[in-house]
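> Once you've had a glance at the structure underneath, I'll fire off some questions.
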Amino acid sequence: MSDSNSSSGKGEMAADEAELARMGYKQELKRELGLLQNFGVSFSIISVITGIPSLFLYGLNTGGPAVMVWGWVVVACFTMLVGLAMAEICSAHPTSGGPYFWAAMLSRKPGAPLASWITGWFNLLGQVAVTTGISFACANFISTACTLGNTGFVPTPKTTIGIYAAVLFTQGLTNTFGVHLLHILNNISVWWHAVGTTALVIAILAKAPTHQSGKFVFQTFTDGTGPPGQGWGDRASHAYVVIIGILMAQYTLTGFDASAHMTEETRNAAMSGSIGIVMAIGVSAILGWFLILGLLFSIQDLDTTLTSTTGQPVTQIFLDTVGEKGAIVLMVIVIGAMYFCGTFSVTSNSRMMYAFARDGGIPGHNFFAKVDQRWKSPIRTVWLACTLSFILGLPSLGSSVAFAAATSIATIGLYTSYGIPIALRVIYRDQFVRGPFHLGAFSYPVAVAAVAWIIFITIAFILPQINPVDSQTLNYAIVAVGIVITYSVGFWVLSARKWFKGPIKQIEAEGMGIDVMDPTKADVFEKTVPIEDA
């Protein structure tokens with residue numbers, strides 16, 4: 001029986017390597033993840049217990065309980081459509097490059113390099129920003145936890161940045177030691193998120209002295225987007241508040257492209273990566289709604305929760321329901337989940353950067369497109385990811401709304417990079433060759449709905465979130481997105497269009513008579529055609 005399993009596993013590995021070779025790449029990363037681990041990376045990065053507590057104050061102020069509860073349901077449904085459309089493409093092209101590789105494959109050949117280039121830079125922006133949002137939230141919650149138990153600790157922006165640097169550094173170290181350690185942490189993370197979230201909700205609901213009414217949870221609308229009487233609901237309309245209020249849900253349900261970025265390390269990648277995406281969204285949607293309802297029903301006094309001295313309404317809910325000692329335990333659960341989430345965000349981020357560097361897409365690509373032979377991990381891009389995420393977190397020193405802006409940047413960057421290949425799949429549907437995971441007759445309408453939703457949220461999340469708008473309340477997501485558009489388009493026009501050909505090596509290799517179905521021949525092609533000329 002074991003011999004049969006062994007030969008089956010070897011056959012599966014050979015098929016995965018052959019598929020990767022067909023796309024023009026050597027098997028350099030260690031392929032030892034299964035479906036559960038692939039799902040686990042995306043599930044850990046979506047991490048409802050990270051995203052919801054991180055933006056809970058934002059949610060209470062921007063629409064309140066009704067928008068948090070029903071906005072989650074609407075966002076989860078549309079996110080599932082995006083996930084299904086991505087899963088279909090991932091099945092056809094299972095490679096670490098993810099969306100930027102798909103954009104090249106789904107374009108007509110003359111436009112492939114530009115589509116790949118723009119998608120890659122938006123994905124990189126989103127990856128960096130989502131790591132920033134996750135790990136900065138972790139640092140914030142560690143700061144808050146340190147104030148519990150009469151420690152006398154008073155968090156300041158500088159101490160929080162210091163904790164943030166330490167969090168990123170340890171996450172970088174974890175990722176440096178290769179896939180084997182991540183494999184173990186991945187299994188722990190899945191159970192930590194699932195059991196931890198469930199235990200947390202049961203604890204606060206069971207111990208809460210009183211519970212909010214169903215009317216409060218399901219129907220209460222609040223507008224704290226400005227001083228009393230000057231919020232966006234008064235200046236514009238309540239609909240505006242509802243639209244910007246869904247950021248909490250959409251930011252949380254982000255990062256599931258991690259399953260695609262891990263496909264070169266996953267067995268039976270053409271199915272596992274796709275199922276990983278869909279499973280991660282589905283499980284997270286249900287668990288997230290459960291968590292939102294648990295927290296909202298357990299609020300003891302809304303004003304006290306909003307103006308909590310801890311700075312975190314979720315911490316105040318813990319204190320009001322389970323007391324200080326219980327709150328410390330629950331904070332450890334949340335912080336642990338955030339730490340795992342950030343660790344796997346760095347993993348996903350580094351794989352994307354490695355793949356993009358491998359195709360010449362980032363400055364210093366020759367330096368960054370290296371896999372450490374001992375650890376079988378792209379260590380250089382691990383530290384590039386940590387460094388860029390730290391830099392993006394620095395504006396928090398001078399802006400009270402910088403965190404919400406970072407989450408907007410993450411959402412816009414990632415979803416734009418998801419939307420481009422899905423839109424190309426719609427435009428050039430005649431040339432799409434589907435993989436083993438496909439939607440059949442639903443493929444086209446699902447893809448169209450996904451693109452429409454992505455266009456909507458991209459506009460929504462660059463809008464001002466606080467009224468009046470000044471240097472402290474500006475949503476600088478528009479600035480970051482503008483910089484990426486200016487850089488990527490400007491650099492393309494001035495230089496990159498002359499040498500960046502996108503991840504389409506296999507097409508050119510076949511034109512040179514090299515059999516890319518043979519993994520050993522990928523090396524021949526790299527030596528024959530330098531990346532600058534490929």
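Glycine too: its Cβ is placed from the backbone N, Cα and C atoms.
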> Looking at 118-139, 162-183, which stretch does TrEMBL describe as transmembrane segment?
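Checked against TrEMBL: transmembrane segment maps to 162-183.
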> Between the transmembrane segment (440-462) and the transmembrane segment (190-208), are there three or more CB pairs that fall under 8 A, provided the residues in each pair are separated by 6 or more in sequence?
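Taking Cβ pairs at least 6 residues apart, the transmembrane segment (440-462) and the transmembrane segment (190-208) are not in contact, as fewer than 3 fall under 8 Å.
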> Considering only the recorded stretches 35-58, 70-93, 162-183, 237-256, 409-428, state which has the highest number of Cβ pairs under 8 Å to the transmembrane segment (382-403).
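Stretch with the highest Cβ contact count: 162-183.
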> Counting only pairs 6 or more apart in sequence, are there at least 3 Cβ pairs under 8 Å between the transmembrane segment (35-58) and the transmembrane segment (409-428)?
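They do not touch: fewer than three Cβ pairs between the two stretches lie under 8 Å.
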